[in-house]
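Q: I have a structure here, written as structure tokens, and I will follow up with some questions on it.
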Ligand SMILES: NC(=O)CC[C@H](N)C(=O)O
């Protein structure tokens, strides 16, 4: 590690705006993606390995990234999923007893590039005002015109199907921890490890299926319930998954969906989704549970949302949770079905953990049907 030699690097936005910083590693690179910011003060390893971030350049607002290293048990998937990192101070000397690898080495092992020394406050504010957009990070600082051309050709997140890039290739099973209670079929649209942990910890034996598995194929596992995972990309592109949800609902199997899963359930009942201005990404998003009247602090990571008007006016849908910053839909329940879903992340690691009760509610829903 010799960061005095680090190359100059740029963050070039789709609208031509340029921010200049330094490459974290000493090699040259160019990487494209939709730039988005996450305001979490901790949990960077979980963010970088979250499959829902596939295809995105992560801009972190915390002043230091890498300062507590990485730990092999704290990844949300088996690889780094972001297209690159933009940060203020990159920490080359991690300090933490539990760290088994520096973030610098972790990124190098996964061929992920990072730009540091960026005015991340200014860039975040810029995106907050001007909206989500594609960007490129590159050490080719003399070739801006060429980068602009390549950036133009980079597809926009709206209309992108990305679950196929991150889902498991083959179905696999995970045993329940402790006493076995229920068999749950998980449709992996880009599932985070911590969701699987929350389910197995509650006595669920899981079979995790590739994103394009049919309802009939999943039924062969004879599940007591279904789970629809989080994942990257535009929910509207997943019409085959909407078909699966139609069949699950037609047979009234218990169903719980998180984030992308929530958006697919909404689409299946006829509520449309849309691309948000700049999305919700952080670990302090306030949500109100309209059933209990209690508020909860939640972790969020989404760039699409479901229509509030359509959810409000849908005869079979109850809005159960609302985001308190912008009053967007944060959770729904289907009135005549054993199905609910949330736009946020009850499984969040490192937290907050206010919403883990939703996993307990899922178990209660399964049990009330099997009794
Ligand atoms: N975390 C997720 O599942 C994200 C869902 C979807 N890709 C979005 O950005 O809204």
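Keep in mind that glycine also has a Cβ here, set from the backbone N, Cα and C atoms.
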Q: According to TrEMBL, 231, 233, 260, 263, 301, 303, 304 bind L-glutamine; so which of 52, 75, 77 is the extra one listed there?
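A: Between 52, 75, 77, TrEMBL records just one in the L-glutamine site with 231, 233, 260, 263, 301, 303, 304, namely 52.
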Q: Determine which residues of the same chain, besides 52, 231, 233, 260, 263, 301, 303, 304, have their CB within 8 A of the center of the CB atoms at the recorded L-glutamine site, and list them by sequence.
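A: In sequence order, the nearby non-listed residues are 190, 230, 232, 234, 235, 259, 302.
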Q: Taking only C-alpha atoms and a 10 A limit, tell me which of 259, 345, 347 are near residue 304 (L-glutamine binding site). These are the active-site residues.
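A: Near residue 304 (L-glutamine binding site), where near means Cα within 10 Å, the active-site residues are 259.
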Q: Could you list the residues of the same chain, at least six apart in sequence, whose Cβ is under 8 A from the Cβ of residue 263 (L-glutamine binding site)?
A: 235, 273, 302, 304, 305, 306, 343
Q: Can you see whether DSSP assigns residue 231 (L-glutamine binding site) to helix, strand or coil?
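A: DSSP assigns residue 231 (L-glutamine binding site) to coil.
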Q: I'm checking region-level scores; what's the whole-number mean pLDDT for the region 'CPSase' (1-183)?
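A: That stretch averages a pLDDT of 96.
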Q: Report the nearest neighbour of residue 345 (active site) in space among the binding-site residues 52, 233, 303, comparing Cα positions.
A: 52
